[in-house]
Amino acid sequence: MSDEEQVTKPFKFVTAGYDARFPQQNQTKHCWQNYVDYHKCILAKGEDFQPCRQFFHAYRSLCPSSWVSKWDDQREANIFPVILNDS
């Protein structure tokens, strides 16, 4: 495929919206809370529950991928510092 034939799709970069609970410039807590809220939401409602996507998009735009990988590893090893479900 030549450069002339290659079609690129436009990309819309979206970040998490303003959250009054986190008014400061440091968004670390905002990142953490959205990660926890997303995983609590999908455990309670399932991955197909559309409102959970808001938390997903927020933590994906706010959190460094290295943090997310670390937290995912901790969840899999059952050493994550937050209880995500009631059982």
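Glycine residues also receive a Cβ, built from the backbone N, Cα and C atoms like all the rest.
Residue environment of Cys63 (disulfide bond) contains 20 other Cβ atoms, counted within 10 Å of its Cβ in all protein chains. Among the features that TrEMBL reports, disulfide bond is placed at Cys31-Cys63 (among others).
Of all the Cβ atoms in the protein chains shown, 20 others lie within 10 Å of the Cβ of Cys52 (disulfide bond). Cys52 (disulfide bond) falls within a helical segment according to DSSP. As annotated by TrEMBL, disulfide bond applies to Cys41-Cys52 (among others).
Mapped onto three states, the DSSP output places Cys31 (disulfide bond) in helix. When the alpha carbons of Cys31 (disulfide bond) and Cys52 (disulfide bond) are compared, the span between them is 15 angstrom. Cys52 (disulfide bond) sits 16 Å from Cys63 (disulfide bond), taking the CA atoms of both as reference points.
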